[in-house]
Every structure is written in structure tokens, then in C-alpha cells.
Amino acid sequence: MSTFNTLDDLDSNQRVLIRLDLNSPVSDGSARDNRRFDRHAETVRELADAGHRVVCMAHQGRPGNDSFISLKSHADILSSHIDRDVQFVADTYGADAIEAIRSLENGEVLLLENTRMVEEELPEEDPEVKAATDFVETLAAEFDAYINDAYSAAHRNHASLVGFPLVLPSYAGRVMQSEYEANTAIAEREFDGRVTMVIGGTKATDVIGVMNAIGDKIDTFCMGGIAGELFLRAAGHNVGYDIDDNDLYDTQWENNKATIESLLEERGDQIELAVDLAYADGNDERAEVEVAAIEEKDKSYLDIGSTSVAQYDPIIRDSEAVFVKGALGVFEDERFAVGTSGVLEAIAETDCFSVVGGGDTSRAIELYGMSEDDFSHVSIAGGAYIRALTGDPLPAVELLIDAAN
Ligand SMILES: Nc1ncnc2c1ncn2[C@@H]1O[C@H](COP(=O)(O)OP(=O)(O)OP(=O)(O)O)[C@@H](O)[C@H]1O
Ligand SMILES: O=C(O)[C@H](O)COP(=O)(O)O
């Protein structure tokens, strides 16, 4: 597949600016280690070993969310994965950042502060607009090359992703290369038997927006996570709204209500909803309730229930291909891992073609004693992977391809 320039095309001794996707779960104000660090470490290590000066950009969370934090802890985690120091500067493109960039020696690695702290990074705009921002112009002047390794963020038209390919020689990093090749090939595959997609996670908007586009390729959607609860709400149950400040449901409901309702109407026979949900009871133990018995939502539902898992299990075992996007519950807490681990184990035990995607979902594989080898492909991308399945191009990838031609 000849597409974009890769690290094999990079000249020696370059000052490189590389976009990673280190967007991670956050606890106690710090990032938690996950597969994204491990995978990007390969690209960063290769560049540093080759003697380039490596400056990394990445984002974390979204402004206004609890997970919108500094990248300081990310530098420490990345450093532990590449066995060399990763310097950190709490600045994006101001005087401190420029000084740190200019002080870098060959083979050294520096991580800049969270790109989403730059006002010009968001919102989504045309590449030409992003390329003309102070952020892109100022940083571009310090580098010989731009590398995009952030396949999992390539569906966003943000400055750090679409601005630089217009002003610097641009290359794909190793993660970009392998994820692009795998996900593009998968999007083109055809299957004879049942094709199932398991949908969970927190970013319901990303998946609901593409369910129609992939609906002709998918026979059955098994729903969980936030999207699952929103569908239950549309089906007339008293769930799928916020009962605390975490705005996981209400905004996504407002933005997707019409689409969910029309999906249920037009594709209702393809969509499997949970029949029971799990929560923490007064003793902090896992408890389950039938969806039909919920009169009012007065607690957070953190997993699908075991009857729902038993309902999804034969569907998965009868499938020729299973695509997973997002976790069915808060699997990081063992009490609420029943849905996610149950579904993943069913996939691992069959020989269907399987892809597991979702920024954090791949972590469940390791956490619950499975191996990545039990699946055909494990992607560290969530929204980008599901967009790729529709066959729609990813803006940041298209720009890398244009740059090579
Ligand atoms: N019912 C739920 N309530 C709160 N969080 C949930 C629930 N179900 C799943 N989650 C959380 O969803 C996260 C998994 O999301 P995942 O990273 O796979 O997809 P995403 O957040 O939707 O999107 P992306 O992969 O694009 O980042 C897990 O960290 C899990 O705790
Ligand atoms: O985690 C992800 O899926 C990517 O980093 C994109 O993050 P976003 O959904 O906040 O743009």
C-alpha cells in the first residue's frame, strides 16, 4: 500500500515535531499508563535512537472536563517506556517552549504541554485556517519535519493534526502506518456470515454518528456503556440521563436524540439492548437490576448485567466477524468488568475475525488474562477506527497522503 511518507523516508539529523495521541484515563490528577504509551514509544525510540531531536505534541482530555490536565505525568510514563529521559516543558509554543526546543541535543526527547491548552488547536476548521495560526507558524519555524503518529486522533480537524502538513515536510509514524494499514484493509473486507459490532465506551456521539453508515455491513449491534443507556432511554426506559455533574449523558442525548430514535425505528431489529444493568449497592458490592423494573434513575449504572451478557454471548459465538468499539462497563473496576470481559472472552474463544478498538478498551484484554494474539487486530483508536470502518477518509491521514504526492 503506497500512501504516505514514513520514517524510512526521513533524512538524518532532523529536528522533528511529532504528534502522538497520549489521551489517557486520569486518576488523582495524573495519567494512567495504557497501550497508547507502549505503542508510541516504538516510534519515539526509533527516532531518538537514529539521533533526531524529537519534540512531541499530544492532547489530554477536553477543556472543561476533569481529564483536561497537564502532560507532566505523561512525560514520566513515556520515559519509562523508552528507557530514556523525556523532558517536559509546561508551555506549548511560547518563549519557554521555544527555549526548550532550541536547547535539545541530538537523540533527546521533549514533550510540550497539552495542545488543547492552545486556543487555536480547537475547534474543527479547515487545514488552511489551522496552518495560518500563530501556534502552527511559530512551531513550524523550529523544525525540519512533522510526523503524525496519532492515527487515533486523525478524525479531528485540529491544528496539531491538520495544520502542520501544509507547512512542513510530513511523515507517518509507525503507529499511524500500522493502524492505517490494518484499519483500511479491515474496512474493505467482506464477510459471508453474521457480522456483529459491540458498542460501549463513553464517547457515544462518535459511534452513534456512524451507526447508519456502517449499518448495512453490520448484522447486529450489541449495546452497552453510555451509548447503550441512551438507546434504552430512547426505547422508553428511565435511564440514560445524568444524576451527577459528570455530563456523560445529557449533552450526548440532546445531540443524538433524533439519530438514536431513527436508528431504533429503522434498524431496531439489528440493535440488541441490555435487559439488565449493574450498580454498586449500599455495601459497595455489585448488584443488578432489570431495566424494565427501573422506575427512576437514582444511581449510576456501571456495567451491563449478567443476563445481558448471556444474551450477547451466543450472538458473538455465532458471528463470522466481531468489531468492538469501547467497553461495556467500567472494567477498570473488577466489579463492573463482567460485560466487557464476558464479551472479549467469547470473542477470544472463537475463531471469528475480530477487531478490538477504543482508546482504553485494549487494556481490558491484558487486565482480564487474555492476549492480543486472541484477536485479529487490537487498535488503540476509538472514534478514528469506527470512522475508518465506514470507509470515510480521516482528515489528518488525507493530508499526509497529499503531502507525499
Ligand atoms: N456505564 C459506564 N459509565 C461510565 N463509564 C463507562 C461506562 N461504560 C464504559 N465506561 C468507560 O468507557 C471507557 C472506555 O472507553 P473507550 O476508551 O474504549 O472508548 P471511548 O472513551 O468511548 O472513546 P475513544 O476510544 O475514542 O477514546 C472505560 O474507561 C470505561 O470505564
Ligand atoms: O481518545 C481518543 O479517541 C482521541 O484521543 C481523540 O480524543 P477526542 O475524542 O477528545 O477528540
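Each Cβ is built from the backbone N, Cα and C atoms, and glycine gets one as well.
Note: TrEMBL annotation is automatic and uncurated.
Database features, via TrEMBL:
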BINDING   D21, L22, N23, R36, H59, Q60, G61, R62, R116, R156  substrate binding site
BINDING   R36, R116, R156  (2R)-3-phosphoglycerate binding site
BINDING   E332, G358, G359, D360, T361  ATP binding site
### Message
Can you tell me the CA-to-CA distance separating G359 (ATP binding site) and R36 ((2R)-3-phosphoglycerate binding site), as a whole number of Å?
### Response
8
### Integer Cα-Cα distance in angstrom, R156 ((2R)-3-phosphoglycerate binding site) to H59 (substrate binding site)
12
### Message
Neighbour count first, Cβ atoms within 10 Å, every protein chain included; then name which of G61, G358, G359 tops the list of binding-site residues.
### Response
G358
### Task
Can you grab the distance from D360 (ATP binding site) over to R36 ((2R)-3-phosphoglycerate binding site)? Cα atoms, rounded to a whole Å.
9
### Query
Rounded to a whole number, how many Å is the Cα of N23 (substrate binding site) away from the Cα of E332 (ATP binding site)?
16
### Message
Highest Cβ count within 10 Å among the binding-site residues R36, R156: which residue is it?
### Response
R36
### Query
Far apart in sequence but close in space: which same-chain residues, 6 or more away, have a Cβ under 8 Å from H59 (substrate binding site)?
D21, L22, N23, N114, T115, R116, E121, A153, H158, S160
### Query
List, in sequence order, the same-chain residues at least six positions removed whose CB sits under 8 Å from that of T361 (ATP binding site)?
G200, G201, V324, K325, G326, A327, F331, T340, G382
### Query
Compared by Cα position, which of the binding-site residues G61, E332, G358 is the closest one to R36 ((2R)-3-phosphoglycerate binding site)?
G358
